[in-house]
Amino acid sequence: MSESHLEFSQSSPLTLGVELELQIVSRLDGDLTGGASELLALIERKPHSGDFKPEMTESMIEVSTGVHQDCSTLQAELQEVRKTLLTAADRLNLLICGGGAHPFQHWAERKIFDKPRFHQLNELYGYLAKQFTVFGQHIHVGCPNGDEAIFLLHGLSRFIPHFIALSAASPYYQGVDTAFETSRLTAVSAFPLSGRAPLVKSWAEFNAYFDSMKESGVVESMKDFYWDIRPKPEFGTVEIRICDTPLTLQRAAALAAYAQTVCRYLLIERPFLIDESLYAVYTFNRFQASRFGFDGGLLDPVKKAKVLLREDFLETLDRLAPHAAELGTTELLASLRRACHEGSDAQWMRRVYAERNSLPDLVWQQALLWRETP
Amino acid sequence: MESLLALHFLPQWPLRFDPLISFGIVLFLAIALGELASRLYLPRISAYVATGAALSFARLDPALLDLLPAAHKVYELAFALILFELGQRIDLGWLRRNPWLLATSLAESLLAFVFVGALMLVFDQPPVVAALIAAIASATGPAAVLGVTRDSGSRGQVTDRLQMLAALSACYSFVVVGVIYAWQHAESAAPLSIIVLHPLYLFAGSALLGGIGAWAVLMLLARIRAGNNNQTLAAVALIVVIVALANTLGLSVVLSLLAAGVLTRSFDRQRRLQPMDFGLLSRMSLIVVFVGTGTLLDPAQFATALVPAIGLLAARALGKALGVFAFARPSALPVRKASLLSIGLLPMSGAALLTVERTAALWPDLGAQIAGVVLTALLIMEFLAPPALQFALRRANETGENA
């Protein structure tokens, strides 16, 4: 056993934690502005629930919750966190909003947050570092051990298009309508270690893979993998990183509820075998969902058939119903069913822009929505 | 030779230059030096001031004196444009959300006023003179702040607070000067009604004029497609009208234009307006204002007023820094940023120039008494403050890519 061996901490299965990357926006013109360091300094003065961390640039802040069994307490903590953040932001005259990318910021204007790791990444990745001013939601689901984490990692890949379509909130990028529901995923894809994890079947196999990557100097730690789904051995979780930060907290909580329910379904029903066929369709499905949302196509790796993503999602909800009842996520999943019919956050953004014809005003409306939706 | 004289359309020798040529040459010189300064990582503004100073050493062709009234108008318009632009960046709602920021603003202006005033009394100046100098010194230069923050593409807390504090201190300074004028009127035994009514008229009238201007800007601009260049040009036209009206009605140009800028933003509920970017026009204005300030250099006066002027600057810097630090924590500013903000507040206001002139017009003696110290201090600061300000913004990690 080499020294780099990754110990998988045990955690109670199906517990949840959420991280949200949020935009720091100026009230003057709706563009991104610096302020993360002042916000963090102000928030850390008083005890508070949740965790607040810097991200790559001064215009981003990451908030995260503790560990929850139950989505309702998770939602309550997210609301607390939002209150703490908005109180601080008001004193600094800053707006906070959700969304996967800022509609019209210019990436070159961003300032790297003053922390050694971020400067190193900026050195290594060049313009990619500043272009990485995109905002995602990460969902952690607790796993009893490493082998189950690897099983969930692969099983969840089947549902990645659902998470993309449900969270999509970045149709505008650098001032242009990209025609995508989420443009954020394209920014992520530029990194060499992005995309899917390799098809290893056990924690021991994963360790062997990690060791070889580390010995060859490709990575230093798990942090260097930018995969859509990755194990997080320190927390004892599997981490879903595909989602745009939605425009509302309510949606963020619903996405966590969906992840929890799908994981319970996977762990209990073991509905399909884990093999390479899951990944044969992966990039096609990922593209369809990013570009067209629920109107996109989905190649079902199990049935070997092409279906409409919306139909596949609604069917999945039906299959999840008993698990949702057990977990108490029925209501939150119902809100996702409505969203699937009524349109994504990205479509909301396009509607608002069509009405008001101003991207700064769109950002302003996003900030209002973030503040006022339960 | 004979045949050459017959060519009557050729200019007469020696050539008589159109005075406009000096304007062009100065402008060119300022721009060239500005470019040089930016290569040396110095603010362009410093080069503009240097150009003006160089100009003041050159002997003026008497023909150029004809240009002075016009130059004065251009200076005033340029300053007005800058004030309007700064006003648009001020969000009064911030003072409601963070009242300690208002406390910071009042404290830094008040302490600078008290310290400078006390020092002037120590230098045996009469109370009216001390108070007037202190009132002028308590303001932070809106043009320098806007010029350097724009030039360096700065965004962030130090930038935002600097703009807010500069605009507010310019307003307080103006009001206090008005009150001192009233006091001076009292000493020259003017009736009470004038003492009370004149400052009130100046303040309320200017604010009202600014308000009407803001309303007109919004009405007019709502009818022009958002983001269109014509929006900006229409705004410039209205600014010129506001300046003219302020002069006609005997109101304050500084206050009217700041109010117009601030209120265009407050009234714009649907955010139809972007904060307007006056682009090249704004840059031209900065050149005019800072070259203009540079020309004030008077070597004779410079020598005698040097000590009190340096004292004034030190007292002022101390007062402002104390005010910022006193309320840094409650106003949610980390100590490191508070020190950078204190440095940022160093530039003196070019409005000093207008105030000295106005005072001299009303009471020539008083004007002469304040001119030496105030203008010397202003000039020293015009050289020192922009690099200091740029340094502070850089250290705050708020400057844009090219600064």
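If you go along the chain as it appears here, the first residue is 1 and each next one adds 1.
Just so you know, glycine gets a Cβ as well, placed from its N, Cα and C.
Because TrEMBL annotations are produced automatically, they should be read as predictions rather than curated entries.
What TrEMBL says about this protein:
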type: DOMAIN; residues: B:27-382; note: domain 'Cation/H+ exchanger transmembrane'
type: TRANSMEM; residues: B:20-42; note: transmembrane segment
type: TRANSMEM; residues: B:100-122; note: transmembrane segment
type: TRANSMEM; residues: B:129-150; note: transmembrane segment
type: TRANSMEM; residues: B:162-183; note: transmembrane segment
type: TRANSMEM; residues: B:195-221; note: transmembrane segment
type: TRANSMEM; residues: B:233-259; note: transmembrane segment
type: TRANSMEM; residues: B:303-328; note: transmembrane segment
type: TRANSMEM; residues: B:340-360; note: transmembrane segment
type: TRANSMEM; residues: B:366-385; note: transmembrane segment
For the transmembrane segment (B:20-42), sequence-distant contacts whose Cβ falls under 8 Å of one of its Cβ atoms, 6 or more beyond its ends: 48, 50-52, 54-55, 61, 64, 67, 71, 287, 290-291, 386-387, 390
Recorded stretch, among B:129-150, B:195-221, B:340-360, B:366-385, maximising Cβ pairs under 8 Å relative to the transmembrane segment (B:162-183): B:129-150
Contact ranking winner - B:100-122, B:195-221, B:340-360 against the transmembrane segment (B:303-328), Cβ under 8 Å: B:100-122
Residue numbers, six or more beyond the limits of the transmembrane segment (B:366-385), whose CB comes under 8 Å of its CB atoms: 45-46, 49-50, 53, 120, 125-126, 128-129, 132-133, 136-137, 141, 144, 184, 290, 293-294, 296-298, 301-302, 304-306, 308-310, 312-313, 346-348, 350, 352-353, 356-357, 359-360
